[in-house]
Amino acid sequence: MLRVGRDSIDFLDHYDVVVVGGGHSGCEAALAAARLGCNTLMLTLNLDKIAWQPCNPAVGGPAKSQLVHEIDALGGEMGKVTDRTYLQKRVLNRSRGPAVWALRAQTDKREYARVMRSVVENQPNLTIREGTVTDLVLGRNDEVVGVVTHFGTIFGCRAVILTTGTFLGGRIWIGRHWQAAGRAGEFAVEGLTDTLRQLGFETGRLKTGTPARVDRRSVDFSVMERQPGDPDVRWFSFDPEVWVPREQMDCYLTRTTPETHRIIRENLHETPVYGGWVEAKGPRYCPSIEDKIVRFADKESHQIFIEPEGRDLPELYIQGFSTGMPEKIQIQMLRSLPGLERCVMLRPAYAVEYDYLPATQLYPTLMTKKVQGLFCAGQINGTTGYEEAAAQGLIAGINAARLVQGKPLVTLPRESSYIGTLIDDLCTKELREPYRMLTSRSEYRLILRSDNADQRLTPLGREWGLIDDRRWALFQAKQARIAAEIERLETQRVKAHDLAGIQLSQLTGQGIKGSATLAEILRRNQIHYSDLLELGLGDAELDPFEQEAAEIAVKYSGYIQRQQSQIEQVSKQYHRPLPPDLDYHSIPTLSKESRDKLSAVRPLTVGQAARIGGVNPADINALLIYLEVRQRQRAADPVCSSL
């Protein structure tokens, strides 16, 4: 670690912001900082692997699609690139309520990376360069002022964003054999973890993995279940300019067999985890196939999805089949699956372990508590998934730019967005396994839907400087049309004896007493906006997404209002700030565990304190009483300093 005033430092060049890493988090961070006017440098190990999808070439899914919609609503890029490069799109959970609808896109991995690279290469204020950052430069006040590459090149800056993915101390495993690498064929980053430890950061190890890739020409699809895309394509971006209708490709479904399970059980000792060579925790919600066989021993079979990696690629991704087995056993496992009896493996599966920083060492702005100007985003914070990484990168990029420009840093409350929920969880909970976003993690999922992400967040994106005039005009016009339609539905009435009233009564099996508004009718379970259109009672000039938004707002208005009231009640206490210098050990009514946890995490609000593991509701009540007493004593005696 270099220090200004102690070491001789020869800066090659100076930037406002340096982003370390060119993955999904790094791209969003670099684009945000550059678009906000900062002279930005993105350093990445390999320019040809910018925005690479090393595991599943897919974007979205439960909770993840909400993140992508929110990234787009704030002015990020992931949704736009996905809409331009998808191979297939499907809405998951469509039979359930809109709170859990999840758009998922299979993407062309090479095209996705190529399009995103073109975006970053052509972004004003953004320079991209190959380089491996192994050290930091600190200023006289322990603030970050630069980075050092493996070959000794030093770049000066006022903010650094670490988006190191799985490369920080990365090690990939196939059976008993390992290699220092962040991904197959790419070097690991050594040295940076040591610098972070010297600065007092706690670090840990996590594990993830990726399945084998097989040659599509060696696969028999006729014995598998076809999984086509949805005919009515939906979009991640709220900007119609990037909507590109494309021919869709099929995915396929097969299943494990008793032979698959036998091979795995007999060879568990050959895997890095069960063999005892890797102790790092893997992702609970994306387990290896051997973990599934062990944890769900009573299940006779597991679903395996066969997914294309590109239009012009012969490679198929075997979703749900990641493993750390030796290659010879991997081939046996693959050939035990129906349709893959004669498959040719092009790339073996492998496990990867890497260093991370528990994110309780960060503020919700994603700046570290120990070093001014140092931000972390993505897998270095303990998350798994492209979408989680991109969301963090966007917020880190915004805040790095605001720090450089002398503006107050910004946060998203957990009740405002899935991004806010994600970051709040990371910064307050002691996570010892890779974190994946789930709809169940949000207490407010009825309000935090995909369809209204722009309504919730685009005004913030505009305020922060990432939504341009064209997007803002589109947003305002759309919201005006939806609001006008909701008002029309709430006021236009249908009489019981009218033809439309009779037809609606027949459709729902419920009569109309005198008359009813269209909104009252739309709230009936059997009625949808499409029914109103068929009867000439809808607005055909609205696009389908505006019609859907109006229907959801009307149909679920009672539930939405109740949840909004809950948020307002909780916010009164949970948004109450906590003094940064509060001595928790001096509060005798707190349990010892909560005093230790609160002192370690240093939450900024009562709400954050309540979500720390080991801090129970009784502790929060004791803390609120203490704050109330402290406030009264200080009001009575302004010079009181005893508390």
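Cβ coordinates are placed from backbone N, Cα and C, and glycine is handled just like the others.
The FAD binding site annotation in Swiss-Prot covers GLY21, GLY22, GLY23, HIS24, SER25, GLY26. For 282-296, the entry in Swiss-Prot reads NAD(+) binding site, with the evidence type sequence analysis.
Here the features listed in Swiss-Prot are painted onto the structure.
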| residue | record | DSSP class |
| --- | --- | --- |
| GLY21 | FAD binding site | coil |
| GLY26 | FAD binding site | helix |
| GLY282 | NAD(+) binding site | coil |
| GLU290 | NAD(+) binding site | helix |
| PHE296 | NAD(+) binding site | coil |
Site of maximum Cβ density within 10 Å, from binding-site residues HIS24, ARG284, LYS292: HIS24
Among GLY21, GLY22, GLY23, GLY282 [binding-site residues], residue with fewest other Cβ within 10 Å: GLY282
Cβ-centroid neighbourhood (8 Å) of the FAD site, GLY21, GLY22, GLY23, HIS24, SER25, GLY26 excluded: VAL19, CYS27, GLU28, ALA29, THR44, ILE50, ALA51, THR163, GLY165, GLY378, ALA389, GLY393
Least buried by Cβ count (within 10 Å) of the binding-site residues SER25, CYS286, SER288: CYS286
Cβ contacts of GLY26 (FAD binding site) (under 8 Å, same chain, 6 or more positions away): VAL19, VAL20, MET42, THR44, ILE161, THR163, ALA377, GLY378, GLY393
Pairwise Cα distance for GLY23 (FAD binding site)/CYS286 (NAD(+) binding site) [Å, integer]: 20
VAL294 (NAD(+) binding site) as reference: those binding-site residues from GLY21, GLY22, HIS24 with C-alpha within 10 Å of it: none
Euclidean distance between Cα atoms of GLY282 (NAD(+) binding site) and SER25 (FAD binding site), Å: 20
Nearest recorded site to LYS292 (NAD(+) binding site) by CA-CA distance, among binding-site residues GLY21, GLY22, HIS24: HIS24
Cβ packing number for PHE296 (NAD(+) binding site), 10 Å threshold: 11
Euclidean distance between Cα atoms of GLY22 (FAD binding site) and SER288 (NAD(+) binding site), Å: 26
Which listed residue (GLU290, VAL294) has most other Cβ within 10 Å, given these are binding-site residues: GLU290
Candidate nearest PHE296 (NAD(+) binding site) in space, where candidates are the binding-site residues GLY21, GLY22, HIS24 and distance is Cα-Cα: HIS24
Rounded Cα separation (Å) that holds between GLY22 (FAD binding site) and GLU290 (NAD(+) binding site): 31
Rounded distance in angstrom between the Cα atoms of ARG284 (NAD(+) binding site) and HIS24 (FAD binding site): 22
